[in-house]
């Protein structure tokens, strides 16, 4: 029986208020108390309309299991208790069903848990979208991109052990069915200053510690590294080890994730070399030296580190050493070089390290995008997930905090604008009068920062144009010209303060208005950008970090405005600290957001669910309303006498102005449900009692009927038994009476017979006595005669025996005499040569017996029969072995004499195959017992291939159907493989049309794996006409035969041996790209058939069972 679907609501079993739009009264205290009440009951999610508020408990809760995913799948947003899965499902279904691009904006302060929230969103979408081999591969690559980016872009901070130190925006692309096709990742503002310096209690990026902890000794030696953290100046030692974090295991996870995403081995090696070079850059130290002209310059103390860095990066050591000592200024055709002092050299070293790491991170993002991008060109649906820095207020706020908070100002601005826009659109759509909402518009703060004329970023860019480092006083003079900049004498020196939406922030400006060096170190451009010709070098001033970030934020805002937004705000609360939560509630603008959504009407609901929920409050609508849902709601509200000013009717929804009205409805519903429950219980109990009574009544009738039947049957049996007894007694009495009469009559008849019998007996006994006496007399005479004859015979026998005994004694004596004479005569010759003759006679007899026995024990004439009789005597060992060898040669000759010329050719090919593949290819043993047939397709007899037969004039050596592997996606297509004396041809299986023709002279090599599969690659000569589209990759059930015949035919035509390469990993030329074909062991869903998958643009993976 199917499980009944129970309709639920956000209002059922609610702890606190699940949607704070319904909070009453609305103030900061009630908001915090509501969050705390839900937090204490492990309800960490709360709604503000369609916005999800999450209070991070920093511990695991059992609310993310696969069962929870199924609970929220395809459910209404307000149907279950608040959860991040509800928002994820709403966004995914809107994208899939309504064809609306979505974006999920995750906000919160640094360390609040935004990255974990983005992982939960992605894992939910991956769980509910489609299934399949290709779809699962795309999902796995999208999910595995996170560990790679976290290793290179996350670090331990005082607030979080895995804090994102870069902004990430991922666009996940879906097809029309909602299955993921790929994705694109954009990164914003990597905190590259962390590479060279970390605050106390914090760490550098994870990858440095993971590399030193998890790499093998061989890898560390190759990278010229040591496992000791204290050997590297760029790594902080006070928090190098983090409790609960296994850097070695994480390093293995990152390596595995890079392989899944599609990184090649040499790419991973190159990435680790750059990471090692950045680590070793921090160990370069400088010492001052004075020149003749009085200027100070710097020299490197120990050049061993410099040498190892150059070996890792491939840079000329002298060029890199000069880059740390001189600065070159280029202006048009002039170059001016100046020396760097020790402080400037350290600055140049750190700048190089930060630039190297920043460009490495950008390359990683681009490389991941190359692997996870959608391969098809069909129209795509997009879901964006934004995980960017939260608002930051530190004791020392620098330029990085300034642009991070600027980005959050822009996000807050678009959040308010899109929220108001969404509210206004719903009011207009429902034909409800829209009232203007007063709110704090932070556009003035955004304009203060980004205005192109007198904004802070514009003035910073202008100061960077100055030929020397600008001073803070000059910057202050510029700011004082704008009326929006207010002077505050309480500010410290070289500081300014901005009133953000989240509060006031004091920024330090030391070194912020100093531009990059007017020139750049004499460093080869290959370290930073791809190598270019000198004429292509652009001497134009590069854009500043502020202008670059401003442009990136503008692009991000433009992208977000084209999508339907979904918001998640995260509050950090290890334990629920009301002061900390109150601060976050303020700067996230949650109270203002509630007011915006409550302006006008606090609650709205479609007519159908509203009527379904509250219909029991009105007799006219309970239990079923047969009219339109809106009319039912109107009847319901009129019956409840709710004031008209408390609600309005839209086109498809009912709008309730005050939360008190909703709670009144909920109280009435709760009371009515209790009454209904009582009624249901009463009806159920009556039904149960009636049912029990009817059952007992029915049982009583059945029992009575059975009892009456049993009583009648028992009475009938008693009457029947009594009748039978009476009948038996009567029959017995009658029988006994008749018996007595018959016995009396019989005794009278038998009396005369008995008397006569006795008389005849007496007469007979008398005659018998007389005859016996006569017979005894005759027998005595016969016995006496017999005894006399016996005595006579025994005397004659005794006489004859005595005469025979005497004759035998004479014969025995004569025989012994003749023997004695012979022995005396023979004894003369016996001592001379009797032993030799006996030996030869015995030996001859043994050999004769051996050959006669071998005649009967000879094995069969089959050459493969290895049976042979055992040796009977030790001295015949050599004879036995030689006889076995001669017999085997003889029967082999007899077997060969039966072969035809065609059979001899086949065995020659089998011998060739044995030399090529025995003990090299796992498929070879299974091919030994299969005869080589060559033309498996009878082209000459099949009229379907008449056109193909006419097109080929040469003798066909092989005609077989093979699977040709597609170069683009790894899928297979059936083709007819034809081998003639001079050419290799491929034809379409259905039409018989020739698709490709390759001369055998253009075939250079055949590659295959050592495993039990039928895949092989035919390599063509580079530059030949046949190689325009690249090499061929086939799959065949007769691999050994095809490779052997191709080898023999090529050898007979070109007089050169064809190279047969057997390896589990080889390269194949596909057009202009070289693709690695890699064979791995795996469990196949379709049995024992190998499968081929195109992993990325450079790897083709074949899974062999």
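Cβ coordinates come from backbone N, Cα and C, glycine included.
All TrEMBL annotations are machine predictions without curation.
If you check TrEMBL, you get these features:
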type	residues	note
DOMAIN	15-670	domain 'Myosin motor'
BINDING	108, 109, 110, 111, 112, 113, 114, 115	ATP binding site
DOMAIN	921-1105	domain 'TH1'
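Sequence-distant contacts (6 or more apart, same chain, Cβ under 8 Å) of residue 115 (ATP binding site) comprise 150, 154, 162, 164, 387. For residue 111 (ATP binding site), the same-chain residues 6+ apart in sequence whose C-beta sits under 8 angstroms from its C-beta are 157, 159, 160, 163, 390, 572.
The ATP site, placed at the center of the C-beta atoms of 108, 109, 110, 111, 112, 113, 114, 115, has further neighbours from the same chain whose C-beta lies within 8 angstroms: 56, 159, 160, 163, 390, 570, 572. Around the Cβ of residue 113 (ATP binding site), the same chain contributes 54, 56, 58, 160, 570, 572, each under 8 angstroms and 6 or more positions distant in sequence. The least crowded of the binding-site residues 109, 114, judged by other CB atoms within 10 A of its own CB, is 109. Its own atom aside, the Cβ of residue 110 (ATP binding site) has 21 Cβ atoms within 10 angstroms in the protein chains shown.
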